[in-house]
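Colleague: As annotated in TrEMBL:
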type	residues	note
DOMAIN	161-525	domain 'Peptidase S53'
ACT_SITE	GLU234	active site, charge relay system
ACT_SITE	ASP238	active site, charge relay system
ACT_SITE	SER437	active site, charge relay system
BINDING	ASP479, VAL480, GLY503, ASP505	Ca(2+) binding site
Amino acid sequence: MTADLQKELSLTFALRQQNVERLSELVQAVSDPGSPRYGKYLTLEDVAELVRPSPLTFRTVQKWLLAAGAQNCHSVTTRDFLTCWLSVRQAELLLSGAEFHRYVGGPGEIHVIRSPRPYQLPKALAPHVDFVGGLHRFPPTSSLRQRPEPQVSGTVGLHLGVTPSVIRQRYNLTAQDVGSGTTNNSQACAQFLEQYFHDSDLAEFMRLFGGNFAHQASVARVVGQQGRGRAGIEASLDVEYLMSAGANISTWVYSSPGRHESQEPFLQWLLVLSNESALPHVHTVSYGDDEDSLSSAYIQRVNTEFMKAAARGLTLLFASGDSGAGCWSVSGRHQFRPSFPASSPYVTTVGGTSFQNPFRVTNEIVDYISGGGFSNVFPQPSYQEEAVAQFLSSSPHVPPSSYFNASGRAYPDVAALSDGYWVVSNSVPIPWVSGTSASTPVFGGLLSLINEHRILSGRPPLGFLNPRLYKQRGAGLFDVTHGCHESCLNEEVQGQGFCSGPGWDPVTGWGTPNFPALLKTLINP
């Protein structure tokens with residue numbers, strides 16, 4: 001239905017940044033172990049100095065907004081976003097073509113205000129604004145699934161699903177592999193679904209499953225609104241496994257429900273990153289969208305936001321997605337369908353695996369849902385060219401070349417178990433929960449433990465991991481070499497996407513963590 005013209009909207013204007021090329025050179029310098037600047041990260045203030053829009057841009061946009069009647073405009077430290085309140089009528093006059101409607105949908109009957117039609121910026125403004133946020137994009141939905149329980153015969157030495165102790169056993173953690181409680185190390189997960197986690201669920205989860213390792217039973221800090229609603233499985237899963245893999249490390253949760261109905265949660269999180277000078281070192285995010293559903297301006301700008309985080313030494317981990325290679329039809333021809341932010345060259349993307357025997361802690365094979373493939377937007381970063389070339393030339397099962405862009409950024413970079421987890425949500429233990437939303441916090445928690453060692457020995461945190469990961473050719477990881485993920489159900493590929501093999505592959509990346517070996521390879525400079 002058409003939105004009430006008096007209704008207030010919060011819109012975010014992404015202002016054109018300066019020196020983006022220089023920023024990308026600095027990311028390279030601070031993230032490449034071979035560089036003299038390795039680990040010498042920038043502060044938020046340094047980043048602001050670099051990318052802050054020109055005074056002309058800032059003045060032009062501000063003047064335009066004030067003339068349109070915008071109220072309460074506020075910016076961030078880096079000055080490259082401006083968020084203002086406008087009525088629907090003012091916004092429609094300001095952005096020609098936009099037409100706001102109220103939508104109600106999703107599991108929690110979410111109310112959002114969006115414009116189904118594209119907007120145009122006045123000519124004089126186009127060079128100063130990358131995009132306007134809070135117009136088109138709907139809140140994401142979760143792809144987490146609860147799978148049917150596998151059938152089992154004989155029960156000696158079996159585990160009945162993945163719990164913290166199964167993860168700690170598989171990835172070779174000892175009871176000593178926990179945070180020391182003496183550093184200012186911290187980790188975070190960010191949630192953009194209309195979901196909450198409950199402290200009481202976390203406490204119950206740790207009571208049931210946290211008995212054999214030191215841990216924290218509550219979250220150190222919640223940034224954003226935590227409503228009073230029912231807990232969501234995704235929100236519970238993220239927190240419970242980040243805090244049991246990265247055990248005894250201070251944990252923040254970025255939560256965005258309870259927001260105003262015109263705000264876009266993912267964008268709100270990026271604004272917080274650009275406005276806080278002290279942030280957790282590792283962020284795990286279980287969120288993704290089809291790359292083709294986003295405008296190029298939006299994707300490029302969000303990618304620059306990830307560059308800003310990388311320059312500051314933040315490790316951003318994104319789930320690779322739960323649809324394998326994906327599939328969509330472009331003018332009658334099938335193609336794989338990459339996911340973003342998984343496809344950004346400035347984040348570390350985590351795929352998913354299953355146990356070869358679902359009831360034993362055995363070696364891992366591909367979880368067929370594990371998202372992976374090649375970006376249609378971002379060219380292949382230099383750090384991965386060699387690994388990708390080797391995969392394409394040696395894999396016996398490469399799909400036809402018309403299905404993917406072989407010169408694009410390839411993902412994932414790493415993987416972890418994504419199948420058959422136990423989660424406590426709304427006080428109830430729930431079995432067989434699966435998705436790369438499970439593998440991502442697990443990998444993140446282990447990186448936090450490695451940061452703990454680095455900080456204790458006076459070294460900087462790991463920061464943006466990919467250049468180092470590829471240079472070390474996956475040292476410290478278990479290589480996953482069996483299995484393929486899903487894709488288009490047609491004659492030509494018959495539901496099969498890429499297949500894993502020795503070394504890096506676009507299904508499980510370099511593989512899953514062997515903690516002591518990974519610590520050894522990542523502890524020094």
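Including glycine, each Cβ sits where the backbone N, Cα and C put it.
Automatic, uncurated: that is what TrEMBL annotation is.
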Colleague: Cβ within 8 Å of the Ca(2+) site centroid (ASP479, VAL480, GLY503, ASP505 excluded): which residues?
Modeller: GLY474, THR481, SER500, GLY501, PRO502, TRP504, THR508, GLY509, TRP510, GLY511
Colleague: For VAL480 (Ca(2+) binding site), write down the residues of its own chain that are at least 6 apart in sequence and whose Cβ falls under 8 Å from its Cβ; none is a fine answer.
Modeller: THR353, GLU364, ILE365, VAL366, ALA415, SER500, ASP505, VAL507, THR508, GLY511, THR512
Colleague: Indicate the candidate from GLU234, ASP238, ASP479, ASP505 with the smallest number of other Cβ atoms within 10 Å of its Cβ, considering only these recorded positions.
Modeller: ASP479
Colleague: What subset of the recorded positions SER437, ASP479, GLY503 lies within 10 angstroms of ASP238 (active site, charge relay system), using C-alpha positions?
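Modeller: So the list is SER437.
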Colleague: What subset of the recorded positions SER437, ASP479, GLY503 lies within 10 angstroms of GLU234 (active site, charge relay system), using C-alpha positions?
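Modeller: Cα within 10 Å of GLU234 (active site, charge relay system): SER437.
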Colleague: Restricting to the domain 'Peptidase S53' (161-525), what is the model's mean pLDDT?
Modeller: 93
Colleague: Rounded to a whole angstrom, what is the C-alpha distance between GLY503 (Ca(2+) binding site) and SER437 (active site, charge relay system)?
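Modeller: Cα to Cα, GLY503 (Ca(2+) binding site) and SER437 (active site, charge relay system) are separated by 24 Å.
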Colleague: Round to the nearest Å and give the CA-to-CA distance linking ASP479 (Ca(2+) binding site) with SER437 (active site, charge relay system).
Modeller: 21
Colleague: Please compare the recorded positions SER437, GLY503 by how many other CB atoms fall within 10 Å of each one's CB, and tell me which has the fewest.
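Modeller: Counting other Cβ atoms within 10 Å of each of the recorded positions SER437, GLY503 gives the minimum at GLY503.
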